[in-house]
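TrEMBL annotations:
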TRANSMEM  6-28  transmembrane segment
DOMAIN    6-131  domain 'DUF2231'
TRANSMEM  40-59  transmembrane segment
TRANSMEM  79-97  transmembrane segment
TRANSMEM  104-126  transmembrane segment
Amino acid sequence: MELIKLHPPVVHFAIAFPAFLLVVDMYYRITKRELDGLHALLTYLSVLAVVGGSISGIIAHEPVEKLLESISIFKYHEALGLFLALYFLALGLVRFYKKRNLFTIMLLIGVLLLFLQGWMGGVVVYEHLIKTP
């Protein structure tokens, strides 16, 4: 498999795990449930998925680097991807140290940024690389 094909499936997990974690976190807050192993597992899977998405993005962009240089939004997509990897590593530390309110706020912001990141990735691919209507 070409390495460029690795990025799309990986980034779906990088959006799905944190989004599901946000739903679980909100449910736990509403029901006043303590954080448990499921919450921890989803947190660390989310961190791994986002970091994996960033790494796969670095790998995927190399074969089409010349094409991407002319796409202005790609620079923002690339920078946000690297930022999100570091952000979710920090989120994992916040979860580890059990800072519940900070964790929830950071998670909400992180998920919103992931949605923005996904939109920018879609613009790069569908409006510039494969040019679908």
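Every residue, even glycine, has its Cβ placed from backbone N, Cα and C.
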TODO: Provide the three-state DSSP residue tally for the domain 'DUF2231' (6-131): helix first, then strand, then coil.
DONE: 113 helix, 0 strand, 13 coil
- [ ] Could you pull the average pLDDT for the domain 'DUF2231' (6-131)?
- [x] 93
